[in-house]
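Enquirer: Sharing the features that TrEMBL gives for it:
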| type | residues | note |
| --- | --- | --- |
| ACT_SITE | CYS467 | active site, nucleophile |
| BINDING | CYS344, ALA345, ALA346, PRO347, GLY348, GLY349, LYS350, ASP368, ASP396, ASP414 | S-adenosyl-L-methionine binding site |
| DOMAIN | 252-528 | domain 'SAM-dependent MTase RsmB/NOP-type' |
Amino acid sequence: MAQLFHLGLPFSVESHKISASSSKSLKLVPTISASNISFSTTRKGSANRLPKTQKLNLEVSPHRAVSAVRLMRIELGGAFADLLNEKGKGSGENEMAYVERTLGFRTRELNDQDLRLVTDIVGGTIRWRRYLDHLISSISHDKDISSMEPLLLQKVAKIGFYEIVKLDMPHYAVVDENVRLAKVALRPGAGNMVNGILRKLAVLKENESLPLPKVEGDDRAQARALATLHSHPVWMVRRWTKYLGQEEAIKLMMWNNNEPSFSLRANHARGFSRADLVAQLNELKVPHKLSSHLDEFVRIKTGLQIIIQAGLLRKGLCSVQDESAGLIVSVVDPQPGEIIIDCCAAPGGKTLYIASRLSGQGKVFAVDVNRGRLRILKETAKLHQVDDVVTTIHSDLRTLPDSKPLKCNKVLLDAPCSGLGVLSKRADLRWNRRLEDMEELKKLQDELLDAASKLVNPGGVLVYSTCSIDPEENDERVAAFLERHPDFHIDSVDRYVPVDFVTDRGFYFSNPVKHSLDGSFAARLIRDS
Ligand SMILES: C[S@@+](CC[C@H](N)C(=O)[O-])C[C@H]1O[C@@H](n2cnc3c(N)ncnc32)[C@H](O)[C@@H]1O
């Protein structure tokens with residue numbers, strides 16, 4: 001995963017900073033900063049390297065500088081915001097180096113409160129991208145955010161807009177601090193520009209007259225307005241309005257824009273029970289709630305950073321896993337002694353839970369086409385002490401049945417999908433998905449279902465699952481499969497998950513709005529004996 005954190009900026013010159021006129025062309029300009037203090041330092045573990053000159057700026061708020069640089073790294077490097085956040089406080093050293101290379105100065109190190117703000121601002125600014133772009137281009141003179149030069153200035157303006165409109169932070173402080181950041185990191189003129197548009201925004205917000213579109217006109221116009229108001233791509237709004245109706249589509253978008261909550265699974269395979277996990281959470285003062293659906297799971301709304309820093313994940317005592325994913329494993333219903341093939345297994349969330357439920361007796365064959373992700377699965381299996389029951393197989397599932405004589409009574413196909421059920425956790429995903437992806441994904445899902453079915457013994461079960469809420473990836477794929485494979489029939493999941501999650505057709509479905517979990521789907525398909 002390391003490469004996802006790499007920005008790949010084409011320089012590392014101390015006395016220069018980026019002036020990016022677009023994500024494609026980066027210019028170097030000399031650093032001008034009256035408030036920078038220069039001093040020499042030697043980094044830990046780098047005794048043989050030459051001391052570096054660092055410029056420390058104590059006037060700029062660290063969380064804003066770091067947020068602006070993270071947003072640039074995400075845009076320029078294509079890195080995922082969530083993965084960057086996972087690095088947490090431990091990344092302070094590297095992160096400050098990025099800040100220095102990008103802005104021309106360092107700020108003081110981030111404390112816990114700064115770190116929470118960075119997570120909030122980066123995630124929120126990405127989620128609210130369409131909404132914020134609309135406001136900025138409506139309020140700024142040139143009406144076109146992409147022409148706002150340079151890229152860093154766009155980020156500073158967007159942070160200010162987000163802080164005023166969505167975080168409701170005191171206007172004077174937001175204006176003052178973002179103007180200072182623009183001046184120090186860029187030039188005085190940039191500060192004046194930020195000052196102008198943030199002040200205008202603050203007045204409009206106070207008068208409750210933000211220039212927002214009205215939901216009126218034909219379906220297309222309404223979808224465009226809703227897409228801006230709730231900051232989603234227009235195609236998603238149109239699709240959800242078609243399948244769920246406008247009211248439910250709006251509720252779903254509101255859910256996606258909320259701060260996500262997380263679940264933790266206590267790792268029984270390491271002898272660490274939910275009671276042990278609860279004791280640790282109490283000690284760390286992390287508020288939590290027991291899952292009412294799964295014995296090993298605990299829900300948390302805040303405090304994930306604290307848990308990461310305490311090392312609970314690093315020691316393999318627990319995993320971050322949504323209950324919706326845990327319930328898919330319940331649909332598989334692993335029993336000690338069974339042999340199970342997990343067809344699209346990496347990075348291994350479900351494999352590890354299946355392995356833990358086997359209690360050391362049986363086998364999970366974890367198949368995946370991605371060698372790197374499979375390596376992560378293997379390492380995590382070792383850490384979780386379930387490596388004796390997990391065997392990895394690197395293969396394209398579509399060629400596996402012809403190359404390996406592998407068959408068993410339980411097969412899980414957790415198919416690659418749009419991820420439309422997990423948009424609250426993946427702030428950037430909505431902007432990376434395109435309507436065209438859906439057709440490609442559906443074709444791949446059909447091919448993988450056909451291949452997975454060949455691994456199922458007569459009388460055995462094939463579980464097809466996704467983390468999507470889209471009927472075309474879920475019910476429709478199952479219906480198409482059953483037409484191609486009349487020797488399979490649906491087995492209702494009602495014996496395996498709470499009735500509230502069972503659909504009319506006997507499938508498992510978690511609805512983010514109804515269940516306050518990620519959206520996911522699973523079908524149990526039995527092969528005739
Ligand atoms: C939704 S993810 C699986 C998540 C995993 N089950 C978990 O719980 O952590 C889908 C996986 O399918 C894999 N994949 C995609 N195409 C594949 C193929 N043709 N054969 C095997 N694996 C494939 C991807 O590499 C990816 O790891």
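Note: Cβ is positioned from N, Cα and C throughout, glycine not excepted.
Heads up, TrEMBL stuff is auto-annotated, nobody curated it.
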Enquirer: How far is it from ASP396 (S-adenosyl-L-methionine binding site) to CYS467 (active site, nucleophile), counting Cα to Cα, in Å?
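Expert: Rounded to the nearest whole number, the Cα-Cα distance is 20 Å.
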Enquirer: If you count CB neighbours within 10 Å, which one among the recorded positions CYS344, ALA346, CYS467 has the smallest count?
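Expert: Taking CYS344, ALA346, CYS467 as the recorded positions, the minimal 10 Å Cβ count falls on CYS344.
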Enquirer: Would you mind giving the whole-number mean pLDDT across the domain 'SAM-dependent MTase RsmB/NOP-type' (252-528)?
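Expert: So the average pLDDT across the domain 'SAM-dependent MTase RsmB/NOP-type' (252-528) works out to 96.
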Enquirer: What is the separation, in Å, between the Cα atoms of ALA346 (S-adenosyl-L-methionine binding site) and CYS467 (active site, nucleophile)?
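Expert: So the alpha carbons of ALA346 (S-adenosyl-L-methionine binding site) and CYS467 (active site, nucleophile) sit roughly 14 Å from each other.
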Enquirer: By Cβ count within 10 Å, point out the most packed of the binding-site residues listed: GLY348, LYS350, ASP396.
Expert: GLY348
Enquirer: Of the residues named as S-adenosyl-L-methionine binders, CYS344, ALA345, ALA346, PRO347, GLY348, GLY349, LYS350, ASP368, ASP396, ASP414, how far apart in Å are the Cα atoms of the most distant pair?
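Expert: Per the listed residues, the maximum Cα distance equals 19 Å.
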Enquirer: Measuring Cα to Cα, how many Å separate CYS344 (S-adenosyl-L-methionine binding site) from CYS467 (active site, nucleophile)?
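Expert: Between the Cα atoms of CYS344 (S-adenosyl-L-methionine binding site) and CYS467 (active site, nucleophile), the distance comes to 13 Å.
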Enquirer: How far is it from LYS350 (S-adenosyl-L-methionine binding site) to the residue listed as 'active site, nucleophile', counting Cα to Cα, in Å?
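Expert: With the alpha carbons as reference points, the distance is 12 Å.
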Enquirer: What kind of secondary structure is CYS344 (S-adenosyl-L-methionine binding site) part of, going by DSSP in three states?
Expert: coil
Enquirer: How long is the line from the C-alpha of GLY348 (S-adenosyl-L-methionine binding site) to the C-alpha of CYS467 (active site, nucleophile), rounded to the nearest angstrom?
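Expert: For GLY348 (S-adenosyl-L-methionine binding site) versus CYS467 (active site, nucleophile), the Cα atoms are 14 Å apart.
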